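I have placed the structure first, in the form of structure tokens, so that the comments after it can refer back to it.
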Amino acid sequence: MAECGASGSGSSGDSLDKSITLPPDEIFRNLENAKRFAIDIGGSLTKLAYYSTVQHKVAKVRSFDHSGKDTERDHEPPYEISVQEEITARLHFVKFENTYIEACLDFIKDHLVNTETKVIQATGGGAYKFKDLIEEKLRLKVDKEDVMTCLIKGCNFVLKNIPHEAFVYQKDSDPEFRFQTNHPHIFPYLLVNIGSGVSIVKVETEDRFEWVGGSSIGGGTFWGLGALLTKTKKFDELLHLASRGQHSNVDMLVRDVYGGAHQTLGLSGNLIASSFGKSATADQEFSKEDMAKSLLHMISNDIGQLACLHARLHSLDRVYFGGFFIRGHPVTMRTITYSINFFSKGEVQALFLRHEGYLGAIGAFLKGAEQDNPNQYSWGENYAGSSGLMSTSPELGPAQRARSGTFDLLEMDRLERPLVNLPLLLDPPSYVPDTVDLTDDALARKYWLTCFEEALDGVVKRAVASQPDSVDAAERAEKFRQKYWNKLQTLRQQPFAYGTLTVRSLLDTREHCLNEFNFPDPYSKVKQRENGVALRCFPGVVRSLDTLGWEERQLALVKGLLAGNVFDWGAKAVSDVLESDPYFGFEEAKRKLQERPWLVDSYSEWLQRLKGPPHKCALIFADNSGIDIILGVFPFVRELLLRGTEVILACNSGPALNDVTHGESLIVAERIAGMDPVVHSALREERLLLVQTGSSSPCLDLSRLDKGLAALVRERGADLVVIEGMGRAVHTNYHAALCCESLKLAVIKNAWLAERLGGRLFSVIFKYEVPAE
């Protein structure tokens, strides 16, 4: 987020000057490559949306061409790495106060060079008011779009594409935001938009919705009556007054009417019997704060009851609230949530959206881009370029609040392939990828934020070392450090800024920030070297395994999987060893492992299962490059193939830490096939299939996987899922329930986490699960 000089002391003119002189890459990023625009102008805020292309570096691997050569390949790297420029699509959303609209349009005009469009889609009440100004400044024709259609299109888009977009507000919780996991079936729902008035819309599908009701008593009523009662003209100042008021001084409560007899009615004595009821009889002056609070309760309760009645009428249990009246204000969300809970007896859920302020702009953009069919793609929030859900609490006072004089930002990257649920999830709506919610667990939150802060020096050092020929690598690495450090400080103050805070979101944010400053794969050369070493060891490891008896071999294969998983550059306990001892290898890793019984030990049950019929098809999610994939995973895969089980080996689509990528796995498999007839024939006969997950994360979200992978899982009838590594099997998916057998295994390489789980460093998780009949 770029501050616009808003300390509360300067004039709006000073703020404006400072905001517009900020570098364009801080606010209107990639503006020079903007292709299409949309704008949503409300009563006080403007939301600009634009689609641009982003050029960034990606690391690609390619097998060496050995044709016609008779050379000694033992000490040659297994593949070559090249860094290429890639162009991807990104959606940018910028939110700012209407005060700045003319200066912002001038700024856009000055930096606009590559736009392909002659039209800008516009929605919101201000679209008509500012039409001439926009056309004059940008020389683009304004096409006005229907407000409600845009809101609904925007709402559908964020619910589908942004995990943890929706949240419930719980007044007495810490923090007060409870984020919902992505529901695979978002329809039907009720959208209640509270602007000047209230509109209530039933949304049934992507394109089918109907206006079912509304009210003239909305945000405009609160503003208008509030101004008359308190002489306060500014909406946010009214909310600030309300946050400090005590409504019971003005409202008549049930206990004021019935005394102690209210209990026979089954009502709480604190319920409002009559809004402003005391003002007619009490001979006293009421404070502005109390009147504002009473007014807020009156209007929120009215809206809540109306929404609840419509939800029940249409048999809906999810109601999303948005509009100028909400805007993430705790005092407003609190009263609406209370009202919905009371009138529905807890059967209807009041939900709010992290990005509700952008819905109109997103919808207007989607309307203008229909010929490009943006809904055929999946999109992901780019944490590096988004300012997150900032505190808007009126309790802070208007002068201190981050909203005043700021530009809020949201960026969405278009993903290469559509993402869908893993078909083997037992109950997709209840699936939660993350094991620990750090917004809930203050002790864990403090530990992990400190852990990521302390690791920053090492990440910066690794990033610089990965680009020895770059003259500006150190400068870019410092920019990365500052950006990620700032994100961590934001999350210390506001753990809910980007939805549910988890170890996964901290890792993903770091990867986004590294990509932002053109460090696409800091571990590429480390992986190349370790893959080369491990490939040379592969024949010996397989020969050794083949000499063992069946039962002894099964344990050796599992220990090999676990030992391979030790080689994780993302774990400080391991990276310290690998950097200080270049001879630390596969056998040394085996000796590090906890002796049986392991911390979680289902090995006996797994061995018993192996004595039964072979699985039809195993889906394996691999973790690290090098020893892990080559000496741990591939021998395990080979054994499954020998049993008659088909194998789908799923690896990351893009790089993260030293995790193996799909591109690397193809080359590794090709090299192993050249040494091993079992793997060779399985690849040729398509009994071994290598696929990409659609992810570039060290963790695993089974609700956002490559559509092609999901189709293959269905087609091959996968009946075993193997998830390997701390990020995929412990930080995520430890509690994931599947409708087939599963194996989750990892070595705990973090002493704090191991102790929390009741173990020690290098404790072993081996969790074999069979679904209930």
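The chain as shown is numbered from 1 upward.
The backbone N, Cα and C atoms fix where each Cβ goes, and this holds for glycine too.
Summary of the site annotation: Swiss-Prot records Mn(2+) binding at D623, N624. Screening the candidates D581, D659 against this entry identifies D659 as the one listed for that site. Of all ranges given (169-173, 214-218, 549-553, 724-728), Swiss-Prot attaches the label motif 'Subfamily II EGMGR motif' to 724-728.
Y320 (3'-nitrotyrosine) and D623 (Mn(2+) binding site) have their C-alpha atoms 38 Å apart, to the nearest angstrom. The Cβ of N624 (Mn(2+) binding site) has 29 neighbouring Cβ atoms from other residues within 10 Å, across all protein chains displayed. D659 (Mn(2+) binding site) sits 49 Å from S199 (acetyl-CoA binding site), taking the C-alpha atoms as the reference points. Around the Cβ of Y320 (3'-nitrotyrosine), 26 further Cβ atoms fall within 10 Å across all displayed protein chains.
Here S199 (acetyl-CoA binding site) is positioned 51 angstrom away from N624 (Mn(2+) binding site), judged by their C-alpha atoms. Within the same chain, the residues at least 6 positions away from S196 (acetyl-CoA binding site) whose Cβ sits under 8 Å from its Cβ are G43, G125, G218, G219, G220, F324, listed in sequence order. Residues N565, D568, A622, S625, D628, I629, L657, N658, V660, P698, E724, G725, G727 surround the recorded Mn(2+) site, their Cβ atoms falling within 8 Å of the Cβ centroid of D623, N624, D659, which are themselves excluded.
Taking the Cβ of D623 (Mn(2+) binding site) as reference, residues of its chain lying under 8 Å away and at least six apart in sequence are, in sequence order, N565, D568, I629, D659, V660, E724, G725, G727, R728.
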